[in-house]
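Now, the feature entries from Swiss-Prot:
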| type | residues | note |
| --- | --- | --- |
| ACT_SITE | H124 | active site, proton acceptor |
| BINDING | A25, F36, R37, Q106, I108, D109, H124, S193, S194, N216, D233 | NAD(+) binding site |
| BINDING | F36, I108, D109 | nicotinamide binding site |
| BINDING | C132, C135, C152, C155 | Zn(2+) binding site |
| DOMAIN | 1-246 | domain 'Deacetylase sirtuin-type' |
Amino acid sequence: MKKPDIQQLKDIVNNSNQIVFFTGAGVSVASGIPDFRSMGGLYDEISKDGQSPEYLLSIDHLHDNKESFINFYHERLLIADKKPNIVHQWIAQLENQQKSLGVITQNIDGLHEDAGSHNIDELHGTLNRFYCINCYEEYSKSYVMTHHLKYCEKCGNVIRPDIVLYGEMLNQKTVFKALDKIQHADTLIVLGSSLVVQPAAGFVSEFKGDNLVIINRDATPYDHTASLVIHDDMTSVIEEIVNSNS
């Protein structure tokens, strides 16, 4: 990676006080979670089994066959041993230093919360929370996994992860909070997102601040509008930043 890019990123971060982070699947790759749509990711694995990933992750699947839906998320989505990596930790650290307004994420893995971030807008929900589809009793991921819980202890109905399934709308309260963050940011740092999945990716066009920074292995549709673009391994980039500040 180019040293001038690292220095420019450091300067932008140091001179900003209202940073907003926008993160995609690339942020969690170093934690051992492949991009859903990448080779070896969840979609690839499901497709090899001759099934439709979009259907298995849909509200229709839940309505059509509750038992099948429950078994699917227990077998495919609940992963116990994945930990936040240096990128999640850096984002949380800047929030704790009051340099950041928070993070907007397309990810459902809950690793930003695990890393210590507090002001998180999870556009597609999170696997850290579950709720009953009948009485809305809430459960944590750890409780669900420890007790192999599939049905509500209060009413006996199905519990589901608090994620946005295909066929469901994004939570409008979360959307408005995310847009408000972006509109008040002086710097927007995009990490590990191709910025092609709508409507979430379109949020970037709402940014009117000073510096748009994009760090992603591949090009994005917004590269030409950015103050700084780094096409490199994200973990290496952030390690360089963290080590230079220590």
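Using N, Cα and C of the backbone, Cβ positions are placed for all residues, glycine too.
Shown on the structure are the features that Swiss-Prot records.
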residue	record	Cβ within 10 Å
A25	NAD(+) binding site	22
I108	NAD(+) binding site	22
D109	nicotinamide binding site	22
H124	active site, proton acceptor	17
C132	Zn(2+) binding site	19
C135	Zn(2+) binding site	12
C152	Zn(2+) binding site	19
C155	Zn(2+) binding site	13
S194	NAD(+) binding site	19
D233	NAD(+) binding site	15
* Residues close to Zn(2+) site centre defined by C132, C135, C152, C155, Cβ within 8 Å -> I133, N134, Y136, E137, E153, K154, G156, N157, I159
* Structure fact -> Once DSSP output is merged into helix, strand and coil, C132 (Zn(2+) binding site) belongs to strand
* Structure fact -> The recorded positions listed are H124, C132, C135, C152, C155; by CA-CA distance, the one closest to I108 (NAD(+) binding site) is H124
* Using C-alpha atoms only, work out the spacing between D109 (nicotinamide binding site) and A25 (NAD(+) binding site) and round it to an integer in Å. => 9
* To the nearest whole angstrom, state the Cα distance for the pair C135 (Zn(2+) binding site) and A25 (NAD(+) binding site). => 32
* **Using Cα positions only, nearest of the recorded positions to C152 (Zn(2+) binding site) (A25, H124, S194, D233)** => H124
* Structure fact -> Whole-number Å distance separating the Cα atoms of C155 (Zn(2+) binding site) and the residue listed as 'active site, proton acceptor' is 26
* Asked: Out of A25, C132, S194, D233, which of these binding-site residues is nearest the residue listed as 'active site, proton acceptor' by C-alpha distance?
  -> A25
* Structure fact -> Between the C-alpha atoms of C132 (Zn(2+) binding site) and S194 (NAD(+) binding site), the distance in angstrom, to the nearest integer, is 33
